[in-house]
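**Student:** These came from TrEMBL, pasted as-is:
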{"type": "TRANSMEM", "residues": "21-42", "note": "transmembrane segment"}
{"type": "TRANSMEM", "residues": "62-84", "note": "transmembrane segment"}
{"type": "TRANSMEM", "residues": "115-139", "note": "transmembrane segment"}
{"type": "TRANSMEM", "residues": "151-170", "note": "transmembrane segment"}
{"type": "TRANSMEM", "residues": "182-201", "note": "transmembrane segment"}
{"type": "TRANSMEM", "residues": "207-229", "note": "transmembrane segment"}
{"type": "TRANSMEM", "residues": "241-264", "note": "transmembrane segment"}
{"type": "TRANSMEM", "residues": "284-301", "note": "transmembrane segment"}
Amino acid sequence: MSHWKIWDESGEDVVKECGGLSRYAATGSCNIFVFVITWVFLETSDVNSDSNQLGTGDATAFTYVVFIVVGTGVFFTVVFHLGVKEPSRDCSVEFATQSSKRSAANWRAWFREPLFYKVGVLYMCVRVIINVTQCYIPMYTLETLDLSKRTIAIMPLVVYLSGLVSTLFTKPLNKCLGRKTVFLGGLFMILGTSIWLWLIPPHSKQMYFASVALGYGGSTLLVTVLTMLADLIGNSVETGAFVYGAMSFLDKMSNGVIIQIIQLLYPKNTDKGSSAGGLYYREVMVFASGVAAVIALLALATPEKKNLDKANQETHGATSNTWLQSGSWSLVCSSKGPFFASYESPAQLVLRREATEDASESLAFYGSMEL
């Protein structure tokens, strides 16, 4: 969530547009790293003559994986906090206006925004498609398709590799076809993959190709919906953190509830050789992603209407006018610090106008700042 807020505060359309794409590409790369080392450790572990089954001896391999993943995460977290510097502000005095304070405090206005709920449903459905399939694809490959145990790393690896490749095409497709068209294409790909997962027979290598389609469709949906989310916030950067927090909360709650329901509905008292578990995981993979895609399709078909644009324009206009009508003397920011101007030469007047324009833009961009 903090990374999304940083992108919006950059104020650059290119950064906002590429932010979701680059974030998903980085996330996919990290997951690829995790599944590669998991695959390596499972291949080198000599614990069972039956390669299709996980045993207690595999605990050592997973222990090493956990240590490597956590250690790598801690290292790059330290690198981020120590190596990424926030840009310093040249202004010796920071400005605040009553209008910008009202804008920052008016997060409740999002609940009266119809597009807020539409994007929320789309984001929730995309996360359900990605998270539920990634959570249950190992059980689907082991119990439903009866593939070898190393596929619990290979199949997610294929999903993320195809997803990483899809990020190369998502941006140009969004520019050429539009966000809704690309999102619609991703939904149809997920729906087709859901049907395919139902038809794959045991021991079939079709799962590799289905994983490619699953990764490509899921990645396309996620990158596009993150771009829609940035479009929704637009110039309302003061309340952008609330929007991202609300979406993240909805994502976590919905996925947690759905996975809990799936676990509660798992067939009880199944024999070791019973196929009930395999059939159940087939239904989970098919219906969880399929139903979420249908709900997203219905939400996408609803009309779009954003009510906050006009309010934001009025707010930023009031902010600019408040600054430009600030009295007979002006306290402005310059490289030499604050100065007072009662009488100004032509050169000083030009300098003050440039500084005033910069300060006005800063007020509209940074929002509420205490004097």
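Just so it is clear, glycine is given a Cβ too, placed from its N, Cα and C backbone atoms.
Note that TrEMBL annotation is computational and uncurated.
A quick note: this is a predicted structure, and the numbers were derived from the prediction, not measured.
Show me how these features fit into the structure around them.
**Tutor:** If one looks beyond the transmembrane segment (115-139) by at least 6 residues along the same chain, the residues whose Cβ comes under 8 Å of a Cβ in the stretch are 151-152, 155-156, 159, 183, 190, 211, 214, 218, 221-222, 225, 228-229, 232, 243, 246-247, 250-251, 254-255, 258-259, 262, 277, 281, 284-285, 288-289, 292-293, 295-296, 299-300, 302, 304-306.
Same-chain neighbours of the transmembrane segment (182-201): 122, 129, 140, 145, 170, 173-174, 207, 210, 213-214, 216-218, 220-221, 224-225, 228, 282, 285-287, 289-290, 293-294, 296-297, 300, counting only residues six or more beyond its ends whose CB sits under 8 Å from a CB of the stretch.
Sequence-distant contacts of the transmembrane segment (241-264) (same chain, six or more residues past either end, CB-CB distance under 8 Å): 1, 4-5, 107, 110, 116, 119-120, 123-124, 127-128, 131-132, 135-136, 229, 232-233, 284, 288.
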**Student:** Among 21-42, 62-84, 151-170, 284-301, point out the range having the most Cβ pairs under 8 angstroms from the transmembrane segment (207-229).
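**Tutor:** Between the stretches 21-42, 62-84, 151-170, 284-301, 151-170 has the largest tally.
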**Student:** With CB pairs under 8 Å as the measure, which of the listed stretches 21-42, 151-170, 284-301 comes out on top against the transmembrane segment (62-84)?
**Tutor:** 21-42
